[in-house]
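> Below is the structure I would like to discuss, written out as structure tokens.
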Amino acid sequence: MIPAIQSHGSKNNFIIIDEKDIPFQTSDLLRESWTKILCEDTQTDGILFISDSLSAQAKMRVFNSDGSEASMCGNGLRCAARYIAERDQLDSFQVETMKAHLRVEQVDELYGDIPTYSVEISPILFNLDSLPLRLEEKSELVLEPVPEWEKDCLFTALAVPNPHIITNVPVDLINSDHQEKLASSFNHNNQWFSDGVNVSYVVELDEGEFFVRTFERGVGFTNACGTAMSSSSLVQVLAGKWEPGVPINIFNDGGRVKCVIHKQNDHYDHIDLIGNATFTHHMKLKLTDTGEAYLQSITETGEDHLYEKMAEASRDYLKKKAPALNIR
Ligand SMILES: N[C@H](CCC[C@H](N)C(=O)O)C(=O)O
């Protein structure tokens, strides 16, 4: 029997598995097949595998529901941070991820008694090779048109370090099937993205308030994508719509978060992603004799009711600010 936790950051759902509970040396093949089976069973966006690290408090690896591994996951890192904080009785520490050691800490609640964590999103890379994106002779794409994608939009490409394409759009475009068609084309055989990409459409609600919807590589539409909301916040600063150092309110289909863009000298250094880390269920996984894992039992923690109040309040606010926006 292996214990696991069903968790979410802004309703971006992840199963947390601590590899010290796995009674054998696991492999990437197994992580991939566990992810596909368990995410299908529980309609979850991915699995966070927690393991020991020689250079940080712990290590987090994130696998999308299609079994692909990503270099980073912002909403997932908040959930992993809470798990590690409670397991090791710490408030702030570093977590090793595929390409960076990232600072995490528990912070004042964003809403009620909902456990709230701030996680570091970095590095911030604009060179198109870091996604990768092949686009004519360009080495960067910052607030520029790409007519083949959409004639009236300005696009920004960045990696944090997972890959993102961000564009600000009118409500009628985000309500249409345009994003799904464009993002699906970027995540199948195409001339631009050889490793896929996360695609976010942003609607400006008010000064310092934005709505972000993301079609995630390896998953599809999710209620929220932490690295995408962080990247979208940075794009608003690049567009002169907001300032570094000041929290920006990002709403999503699953609730809301705050982001803070940090600029050192002339360089965007990192982004703070601040939001909930909710544990909704305790799970028990059963192992087959071939080492596969399947869900044996799942019991509610009761935490989600409080989060639902915040999500409801966020939806009401969205209806007021953007009445034409179709919330998913
Ligand atoms: N689908 C993403 C990984 C998960 C990121 C997202 N869930 C987040 O919260 O940042 C990718 O393949 O790059």
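Each residue, glycine too, has its Cβ placed from N, Cα and C.
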> Among N127, N162, N265, N276, which residue does TrEMBL annotate as binding substrate at the site that also has N12, N64, G74, N75, N198, E216, R217, G226, T227?
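For the substrate site that includes N12, N64, G74, N75, N198, E216, R217, G226, T227, TrEMBL also lists N162.
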> Sequence gap of 6 or more, C-beta under 8 Å: which same-chain residues meet both conditions with respect to G74 (substrate binding site)?
G9, V119, I121, V160, C225, G226, T227, A228, M229, S230, L273
> On the Cα atoms of N12, N64, G74, N75, N162, N198, E216, R217, G226, T227, which are listed as binding substrate, what is the maximum pairwise distance in Å?
16
> Can you see whether DSSP assigns E216 (substrate binding site) to helix, strand or coil?
strand
> Cα distance, C73 (active site) to N12 (substrate binding site), nearest Å?
10
> Long-range neighbours only, meaning 6 or more apart in sequence with Cβ under 8 Å: which ones does E216 (substrate binding site) have?
D45, N64, N198, T222, C225, A228
